[in-house]
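Report on the following structure.
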Amino acid sequence: MSESLQKNKLLVTAIKDGTVIDHITAAHALKIIRLLNLADHNKRVTVGLNLPSKTMGLKDLIKVEGRELTEEEIKRVAILAPEATINIIKNYQIAKKFHAEIPDVIEYVVVCPNPICITNNENMDSKFIVKKEKNNIKLKCWYCEKTFPQEEIRDYKNN
Amino acid sequence: MNFTNRDIIGISELTKTEILHILKIAKSLKQKPQPKILEHKVMGSCFFEPSTRTRLSFETAMERLGGKVVGFADPGVTSAKKGESLFDAIKIIGQYVDVIAMRHPIEGAARRAAEATDKPILNGGDGANQHPTQTLLDLFTIQECQKKLEGLSIALVGDLKYGRTTHSLAQALAHFNAKLYFVAPDSLQMPGYICDELKNNNIKFSIHQKIEEVINKVDIFYMTRIQGERFADPMEYERVKNVFVLNAKMLEKAKPNLKVMHPLPRVNEITTSVDKTPHAYYFEQAENGLYVREALLGLVLGKL
Ligand SMILES: Nc1ncnc2c1ncn2[C@@H]1O[C@H](COP(=O)(O)OP(=O)(O)OP(=O)(O)O)[C@@H](O)[C@H]1O
Ligand SMILES: [Mg+2]
Ligand SMILES: [Zn+2]
């Protein structure tokens with residue numbers, strides 16, 4: 001433990017095969033783990049919270065051993081942490097590195113922050129239109145038509 | 001342009017050409033009633049929230065075109081009270097009727113209802129979200145009393161922050177190159193996102209705190225009510241309450257063509273002294289709701 005902490009790069013133990021989700025917007029790693037059920041197996045998952053980052057100030061990071069995220073899961077990561085980088089590790093090496101791309105339409109996952117929105121008053125899926133402006137992302141609720149900056153989304157549903 | 005079976009949920013879904021078409025049909029219905037075109041058609045009048053004007057004008061519009069109306073004016077009588085979802089309720093009602101006019105207190109309810117049925121939904125207000133027939137009747141009224149829609153000077157007055165009526169109207173007027181004057185207490189001014197939208201559309205607008213600053217300049221003075229519950233500080237409300245009142249004396253130097261509009265009900269923000277002036281046009285405006293709703297019913301049912 002103390003040895004790995006000294007190494008800035010491999011902050012936690014190296015994994016042989018799996019996924020490293022890097023550059024997660026600070027405070028979002030635990031939400032991602034919960035939403036994707038990343039800890040729902042007996043493989044090792046290591047999490048770094050509030051790590052210093054040159055580009056982001058602070059970031060979170062998740063390493064999942066023995067699991068390659070599906071496309072669907074990567075989309076969900078992007079919804080919570082649009083700046084995330086996905087690193088697929090094969091045999092200790094980075095086999096693939098890419099950015100999670102937020103979809104143009106999000107049909108689940110996000111809970112509308114408007115309490116008098118129909119999506120919060122009826123058993124139904126939410127739906128948001130994603131508006132990408134320079135470096136901020138806004139979500140417009142398909143139903144109540146309110147627009148929210150990404151940071152204002154507080155709740156996510158696992159559906 | 002095909003309106004058959006279309007849902008009318010929000011004004012922004014209608015193009016300028018479509019809006020003008022609806023207004024043209026409404027005008028022809030005002031001039032020449034069509035008491036038979038919707039014979040054997042049934043409208044479901046689903047008011048999950050009380051409303052008199054909107055409901056009665058939808059219902060009379062249907063009857064005046066020869067159609068029939070079923071429905072409810074109070075959700076207490078429906079199974080919504082027993083916990084039935086809006087989706088199920090509308091799905092079932094949609095099996096009985098040909099078109100549904102609805103009002104609901106929850107935002108996005110009309111859009112949700114449209115997903116539950118193939119029958120066209122006419123949104124008569126979903127909480128603070130959309131109320132497109134109000135905007136259409138406002139546009140119809142402006143066109144009627146000014147003989148045109150393009151290039152008018154229009155003051156929107158009162159609660160511009162929370163009032164969906166003025167939001168939708170401002171957005172719709174962006175099609176018609178209006179010059180807009182927003183008159184409201186600072187704390188109730190037009191929201192930034194609407195102002196940004198107008199800027200993007202190159203619409204000129206200016207911000208004012210007093211009726212006197214604009215009353216002699218405009219063609220349309222659109223008044224809305226300021227509600228006490230919008231103010232955290234009751235003193236602020238007391239102060240503002242008396243500033244945002246229009247009386248006949250204030251109209252002495254107005255342009256001769258100026259018309260005063262109001263979505264109604266008014267309380268005391270337009271004194272009854274205004275009613276007798278040639279500028280009052282809010283009762284005509286309310287009447288026009290009938291023709292606009294007739295036009296929409298005829299159009300979405302494919303009969304106009
Ligand atoms: N075998 C491995 N086991 C666990 N973590 C790894 C492994 N290989 C790389 N990582 C982690 O994956 C992330 C990306 O590694 P990389 O070497 O590409 O760093 P980088 O150059 O900082 O990348 P970036 O430009 O994306 O910030 C880092 O957080 C690194 O610690
Ligand atoms: Mg790095
Ligand atoms: Zn919503």
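Placement of Cβ uses the backbone N, Cα and C atoms for every residue, glycine included.
What TrEMBL annotates here:
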{"type": "DOMAIN", "residues": "A:11-100", "note": "domain 'Aspartate carbamoyltransferase regulatory subunit N-terminal'"}
{"type": "DOMAIN", "residues": "A:106-153", "note": "domain 'Aspartate carbamoyltransferase regulatory subunit C-terminal'"}
{"type": "BINDING", "residues": "A:Cys112, A:Cys117, A:Cys141, A:Cys144", "note": "Zn(2+) binding site"}
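Taking the features listed in TrEMBL, we show where each one sits on the structure.
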residue: A:Cys112; record: Zn(2+) binding site; DSSP (3 states): coil
residue: A:Cys117; record: Zn(2+) binding site; DSSP (3 states): strand
residue: A:Cys141; record: Zn(2+) binding site; DSSP (3 states): strand
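A:Cys112 (Zn(2+) binding site) has a Cβ environment of 24 other Cβ atoms inside 10 Å.
Cβ environment of A:Cys117 (Zn(2+) binding site): A:Cys141, A:Tyr143, A:Cys144, A:Lys146 lie under 8 Å away, each six or more residues apart in the same chain. Residue counts of the domain 'Aspartate carbamoyltransferase regulatory subunit C-terminal' (A:106-153) by helix, strand and coil are 6 helix, 18 strand, 24 coil (DSSP-based). Each of the binding-site residues A:Cys141, A:Cys144 was scored by how many other Cβ atoms lie within 10 Å of its Cβ, and the smallest score goes to A:Cys141. When averaged over the domain 'Aspartate carbamoyltransferase regulatory subunit C-terminal' (A:106-153), pLDDT in the model lands at 92. Helix first, then strand, then coil: DSSP counts for the domain 'Aspartate carbamoyltransferase regulatory subunit N-terminal' (A:11-100) stand at 17 helix, 39 strand, 34 coil.
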